[in-house]
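Heads up: the structure comes next, in structure tokens.
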Amino acid sequence: MVSIWTIALFLLGAAKAKEVCYEQIGCFSDAEPWAGTAIRPLKVLPWSPERIGTRFLLYTNKNPNNFQTLLPSDPSTIEASNFQTDKKTRFIIHGFIDKGEENWLLDMCKNMFKVEEVNCICVDWKKGSQTSYTQAANNVRVVGAQVAQMLSMLSANYSYSPSQVQLIGHSLGAHVAGEAGSRTPGLGRITGLDPVEASFQGTPEEVRLDPTDADFVDVIHTDAAPLIPFLGFGTSQQMGHLDFFPNGGEEMPGCKKNALSQIVDLDGIWEGTRDFVACNHLRSYKYYSESILNPDGFASYPCASYRAFESNKCFPCPDQGCPQMGHYADKFAVKTSDETQKYFLNTGDSSNFARWRYGVSITLSGKRATGQAKVALFGSKGNTHQFNIFKGILKPGSTHSNEFDAKLDVGTIEKVKFLWNNNVVNPTFPKVGAAKITVQKGEEKTVHSFCSESTVREDVLLTLTPC
């Protein structure tokens, strides 16, 4: 039996398509695949550039606090600005119900200025994003065309190569970047920060962000649970050459605080309120921004699933290495292999989000006991707290392995401290030791070994030195 919904879609598709044309950026239709489909049932045309009012706000190392407005139709605005044609350009494009002057965009620019000289352009299309979702999703096409127009102007008037450009788009902004990239041959890079699911997941590549939109496309997924029933705003669909799923890509640590503590945020009431409404979705740009200042703090591991990653089946990095999620993903040697690549990692629950993964194996000695075996690493750059490696029967001669994510890179490991404990009192006061502990950092092939012939009672530290 044909459903009423199917009939309605048929009638929508059968209606004559409409089209609007705008000077310098072309024509836009509401024909398939843009409308009249199961994913995009409503026929909605994008607004005009004048109504959307897109602005290009330039920040540079010379003007990190006050923007200069650039116009894609007026090259003189480039000449009158601090735009440097010998430096890279990174555009940051916001998403639904957001704006180009929101703090997070400028904060991201300022982090860039700490590590490089760069043109940082915040794309403000708030008039086109602060409307109904369906309308905003269609306005994406015009905003993307305007970004492409800006890139074309830079190329035509200043011989500025698109290969020098990165488009960073959050939410709907990721698909704005995709539209711009599809119109700009040779675009260097697009980074999608939790590309939005609704109206885009499952659509043809021409509608959404995809790997053909730039020479390199990387995507960070932080809110990939289904929109219905879990209210996940981001897509689970792989849309880049490298797709990163931190913490599994659905539930970010630190996002399940109670309402009051979430709203009364360290970054202010407004940012806290945003976090309360869409914490997982917003984590993507927070991870990216922090990655700029942590070149090696977001190493990501190829894995079939997050469950496999959490089961310690994807460690250490393969021979080709591991990419860094975020700003330095483009340094990965095999970033544009033919197959889309899926990567996993864990982050912290609040700033600082960076983590360094270690694999540890313990060979026990001493008496048989029940309890937990823990290890802390001490290195040239600092030390970790105690991590639980094994819980159960501590049997001499047995070897137990685990992985953990440390808050810092300890540097060259100089010693390891072993501790065991049990909440149940043992009247025999057994002594347990670690005859050997091996440690490997995820991105390195070297396995470091530490030994001791001693044993200790419960809650007494045992120091192991290189052997």
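Sequential numbering from 1, following the chain as shown.
The backbone N, Cα and C atoms fix where each Cβ goes, glycine too.
Under the heading signal peptide, Swiss-Prot lists 1-17.
Here Cys21 (disulfide bond) comes close to Cys27, Phe28: these same-chain residues lie at least six apart in sequence, with C-beta atoms under 8 angstroms from its C-beta. Swiss-Prot lists Cys21-Cys27 (among others) with the feature disulfide bond, giving experimental evidence as the kind of evidence.
For Cys109-Cys120 (among others), the entry in Swiss-Prot reads disulfide bond. Summarising the environment of Cys120 (disulfide bond), the number of other Cβ atoms within 10 Å of its Cβ, over all protein chains shown, is 26. Under DSSP, Cys120 (disulfide bond) is assigned to a strand (E or B) in the three-state scheme.
The active site, nucleophile annotation in Swiss-Prot covers Ser171. Ser171 (active site, nucleophile) is surrounded by 29 other CB atoms, counting those within 10 A of its CB over all protein chains shown.
A coil conformation is recorded for Glu205 (Ca(2+) binding site) in the three-state DSSP classification, outside any helix or strand. Among the features that Swiss-Prot reports, Ca(2+) binding site is placed at Glu205, Arg208, Asp210, Asp213.
Residues or ranges marked as disulfide bond in Swiss-Prot (evidence: experimental evidence): Cys255-Cys279 (among others). DSSP assigns Cys279 (disulfide bond) to a helix. Within 10 Å of the Cβ of Cys279 (disulfide bond) there are 21 other Cβ atoms, across all protein chains.
Per Swiss-Prot, disulfide bond is recorded for Cys303-Cys314 (among others), and the stated evidence type is experimental evidence. Of all Cβ atoms in the protein chains displayed, 24 besides its own lie within 10 Å of the Cβ of Cys314 (disulfide bond). The DSSP secondary structure for Cys314 (disulfide bond) is coil.
According to Swiss-Prot, the disulfide bond annotation covers Cys317-Cys322 (among others). A simple way to gauge crowding: the CB of Cys317 (disulfide bond) has 19 other CB atoms within 10 angstroms, across all the protein chains here.
According to Swiss-Prot, the domain 'PLAT' annotation covers 356-467, on the basis of sequence analysis.
The annotation disulfide bond is assigned in Swiss-Prot to Cys451-Cys467 (among others). In the three-state DSSP reading, Cys467 (disulfide bond) counts as coil.
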- Message: Quiz question: given the binding-site residues Glu205, Asp210, Asp213, which has the greatest number of C-beta atoms lying within 10 angstroms of its own C-beta?
- Response: Asp213
- Across all protein chains in the structure, which of the disulfide-bonded residues Cys109, Cys255, Cys322, Cys451, Cys467 has the highest Cβ count within 10 Å? Cys109
- Note on the structure: DSSP output for Cys109 (disulfide bond) maps to helix
- Query: So of all those recorded positions, Ser171, Cys317, Cys451, which one's Cα sits nearest to Cys255 (disulfide bond)?
  - Reply: Ser171
- For Arg208 (Ca(2+) binding site), nearby residues of its own chain (Cβ under 8 Å, 6 or more apart in sequence): His175, Gly178, Pro195, Phe200, Gln201, Met239
- Cβ-centroid neighbourhood (8 Å) of the Ca(2+) site, Glu205, Arg208, Asp210, Asp213 excluded: Gly178, Ser182, Glu206, Val207, Leu209, Pro211, Thr212, Met239
- Note on the structure: When each of the disulfide-bonded residues Cys27, Cys303 is scored by other CB atoms within 10 A, the minimum falls on Cys27
